[in-house]
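> So that we are looking at the same thing, I have put the structure below in structure tokens.
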Amino acid sequence: MDLFDKFKIWVLLVCLISQLGHGFYLPGSYPHKHGIGDALSVKVNSLTSIETEIPYSYYSMPFCKPQEGVKDSAENLGELLMGDRIENSPYRFKMHTNETDIFLCKTSPLSADEFKTLKKRIDEMYQVNLILDNLPAIRYTQKETYLLRWTGYPLGAKVQDAYYVFNHLKFTVLVHKYEETNVARVMGTGDAAEMIPTVGSPVSDIPGYMVVGFEVIPCSVRHNAESVKNLKMYGKYPNEITCDPGAVGMAVEDGDSVAFTYEVSFVESDIKWPSRWDAYLKMEGAKVHWFSILNSLMVITFLAGIVFVILLRTVRRDLTRYEELDKEAQAQMNEELSGWKLVVADVFRAPTNASLLCVMVGDGVQILGMAVVTILFAALGFMSPASRGTLVTGMLFSYTILGIAAGYVAVRLWRTIGCGEKTGWASVSWKAACFFPGIAFLILTTLNFLLWGSHSTGAIPFSLFVILILLWFCISVPLTMVGGYFGAKAPHIEYPVRTNQIPREIPAQKYPSWLLVLGAGTLPFGTLFIELFFIMSSIWMGRVYYVFGFLFIVLILLVVVCAEVSLVLTYMHLCVEDWKWWWKSFFASGSVAIYIFLYSVNYLVFDLKSLSGPVSATLYLGYSLFMVLAIMLATGTVGFLSSFWFVHYLFSSVKLD
């Protein structure tokens, strides 16, 4: 096969992939064709609240259960870790068939404990989450001139010390006529999709529809006890039910029974399948946020560029002036002048706790690589909100695989600091494999006990704990050891200058050097604090985060700014003859984690005012601590590696005897 034939094959593959991309919606599931009258199954997810951040099972409340019994839907690792528990529900629709006044069930009389729990969940503003064809139920409310969008609907309401339950649901299903393509026809109901080639086969004349929207209006209706006495599930309620979302009628007391009903209407919509998630991704005032973020990025880039240019000019002037002198003048200059040139025999002296530094840098490379890979794939559309749980699953998978990079970097840096010493590389690899995962495991296990005690679906099941431990010790640890092996085989980085046996005394400083190091984190924090608001809102306020393309740009800018800030701080320390730059270069950029944690506390106090209970606050602070630890390792690694390259380049450019 010649080169031209290979080229034609590659062109054909690219065209095929492009055609597939146009034929289907890449991020989510494939379109499902439903004929008129086909059954549509509604599923339920965990009950959630922004006031507690503790999810609970749908059937922990006195709701109607399906006739075939409660069954779990297929869940991936990410869904389980995020606390999603998707189960079947008793709600049944028929495609393009409007139905009204459908009786569902009448619950048993509420016990004292059930009534107490129900009141507590209503006070904590828990939302009921329903799913149809992978679309969460969305609710619209009018507030002045704004149309607010909510996913799910409230469990109930409290009016003048009385508790009301929303026991009648008015569903609206938006459908779009199915459009055949020349690539494939996708049929089926439920989660699975069957792909049948249509090339050469006749197109069916039977009309089919796709679900492109799912809306719900909850109502509280007082049903006649005698009317529902002999009704069976899915029977016709004898009287017309009027759904008024602005009024409440079903007050509950201890010992009461609750009757549930629903109605559904189908509306043909111009919304096409690839655009059906747009309603969930719209944000009010988005332009203001975009302009604000863009302005911050431009300012930070401009300031960082100025600092970088000044640094280059200063270093180049010092080098030029130093190298233009003869050896005698250089020796005299060394005696008379102070600065980075005087620490030439100490600048590569091994730092204290060198092994810990190597481990932290290795773990930082692993975390940073995971962030880059995950955000890049999410920006390309492979981890959209339509694919529930794939984002967390992708993060876990990429982190596990990148253990090989952590071991390689940690061992090679350890060998460089030890001037090529090979013994002990296995110990460094083992520490790199266990340092960050061990801390994360400790934090998450502690928080998991709190969730277990609250009987929350957010608690990680024991079986999942076993799976995570197996992933850690059977995949991540061996890959880290393999990376360490290659790091031990790779040549270490040679220092350009020799190190004296007796360390040089560091002159007294006018101000503590660590104060400058901690303050350096403000500049990297300025590049991401607006984007951080969107991320925090997505995690804690139930909003959908989707601007991964912009987040990838912010990540790149953050890496550049961290490198420049650490580099500048390292140069400033060397100029005052402070040769202990190793740890300071790490924390110069890693100190951004302190400001992110302070921002998290500020977000808890001012934006999550309704967060109630010590358990909820502990969960919030615990997850925030876990997040800032990962950010510190990633940003600190960027700062250290850039400073190491700068110091190595600086002293290899000077001709010193």
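One is the number of the first residue shown, and numbering goes on along the chain from there.
A Cβ is built for glycine as well, from the same backbone N, Cα and C atoms used for every other residue.
A TrEMBL annotation is a machine prediction, not a hand-curated record.
Among the features that TrEMBL reports, signal peptide is placed at 1-23. According to TrEMBL, the transmembrane segment annotation covers 290-312, 356-383, 389-411, 432-452, 464-488, 514-540, 546-569, 581-605, 625-651.
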> Taking 3+ C-beta pairs under 8 angstroms (sequence gap of 6 or more) as contact, is the transmembrane segment (432-452) in contact with the transmembrane segment (625-651)?
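Stretch pair touches.
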> Grab the same-chain neighbours of the transmembrane segment (464-488) for me: Cβ-Cβ under 8 Å, and only residues 6 or more beyond its ends, written as numbers and ranges.
77, 80-81, 396, 399-401, 403-412, 415, 422, 425-426, 428-430, 432-434, 437, 441, 448
> So which of 356-383, 389-411, 514-540, 581-605 is most in touch with the transmembrane segment (625-651), counting Cβ pairs under 8 Å?
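The listed stretch sharing the most Cβ pairs with the transmembrane segment (625-651) is 581-605.
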> For the transmembrane segment (514-540), could you work out the same-chain residues 6 or more beyond its ends whose Cβ comes under 8 Å from its Cβ atoms?
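Residues 50, 53, 289, 292-293, 296-297, 299-300, 303-304, 547, 550-551, 554, 557-558, 561-562, 565-566, 569, 572, 584, 587-596, 599-600, 603, 607-608, 620, 623, 635.
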